[in-house]
């Protein structure tokens, strides 16, 4: 039996370098990169790099050997090789100026078909939905790009069409759950087939070309090439699940014979689809969403009353209320407000929305409509206002969705300082600082209580002080009254008669008073005895030595650090640093919050003092005038 040589088995045979993979596949680096992106093959990090690289200490890009063997049997490899042949022949035709043959070759340009790769990477529809986050974020980004050197116009238009179709599904299914505005853009989260899909829609700013090529648009364009095919399959399946016609179409009531529709019906329909403001054509007229929800509730009611079932019932009831949050409300969007995100939100929750017809096609009513309940404005003032509607800032719509209820509009009026816009995507069970506004977001019953807690505490303290002062004043008055009565009895009545010359009736009264005083003394003695019986003995205070506790914690931490394996020490140190930074950040946030609250409390106290002084001065002035 032959003795195996070194690096012929084990980890050395499990990995292959990128250069060896290029030689094995006979592809260029760009083609290999494109093939790996389309097939979902990515570099790997071995446990022992030196063994995997057969003794070499040089850092190389490594792949699994089985992944490269998997790529050998891919039909796209032949198409990529055909590209090389096509490039050589087309260059030859250009050189000899054979334009007739060149035109024929361009018509036979080899195209890559990715349908089988989508089915291969996502065997089930749920697998595709799980990987939809990055797909939607990238396609929404590319839908805002103009025609660039490495991004053709057709690709941007295709991204725009597919993302609009997906938004139509979200609106029709009412599957939107969370929203948030950040510097990056608008965060949306929808629940589709039980899977939470989160994506980002960028802000609508004019495109600014880059001076330096910091972003590799070519690699991103390859990802977009795959994701467009994937989202096309997903949209087709989602639309047919809701009995919607695909590609999206409108009912005949929308396509009325107007000059605009008769001139160019295709552009008319595409503009109305992009407006997101019309119902799409259904293959059947019955909407089964509410029926399915009722069936689910009946199934839940048939089960037991366990905590899990109760929680699921509550969540189902909240979702059913959320789906009709804006039902019966009519919104009008001003021209300075971003149209598309608000249209998605309002229509996803049952509301009606419109805008100025000069901004974009698809408006259904004008600003002068008297049935409008809310007008969304993002400017400090507006010239003409209607009494029958509320003028609110855009954040009101987002906060209502996150808190799953219609909030009061007084905090969101024109010119008002808006409340903090908190993210609903953070973990509520995390061990870190949670501001009171976020607690109110998690528990709607605390929305107003955290704002009034300081005022209530101040009022209670003030009431306690007033009651204490009143009790002291009553005690002093009672003592003074007793002293006066004693002196009165001792030195004589109103006629100047001494105690020695008193009548027998007065003597009887004095005897009665003495008896009452004796009874009071007996009561006080009895109370003192009861207090002595119920007295608590003084206990011993257990003093904690903070130095010893800190030393014990440090020793325990050092012992944990010693027990960590050498290869995991860097990871352990990294985790400790992250923990320390989180604790420091939490401490700083708490300190900042305390200073802000203390300054606000002091300002409120000074304002109250000034108000009391003014009221006292006004009362004194009024009393002088009255005299």
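The backbone N, Cα and C atoms fix where each Cβ goes, and this holds for glycine too.
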Which listed span Swiss-Prot calls coiled coil, if the choices are 406-449, 582-625: 582-625
Among ranges 370-389, 450-469, whichever one Swiss-Prot labels region 'Disordered': 450-469
Contact set, same chain, for the compositional bias 'Basic and acidic residues' (550-559): CB under 8 Å, 6 or more residues outside the stretch: none
Spatial neighbours of the compositional bias 'Low complexity' (616-627) far in sequence, C-beta under 8 Å, 6+ residues away: none
Helix-strand-coil residue split for the compositional bias 'Basic and acidic residues' (595-615), DSSP-based: 21 helix, 0 strand, 0 coil
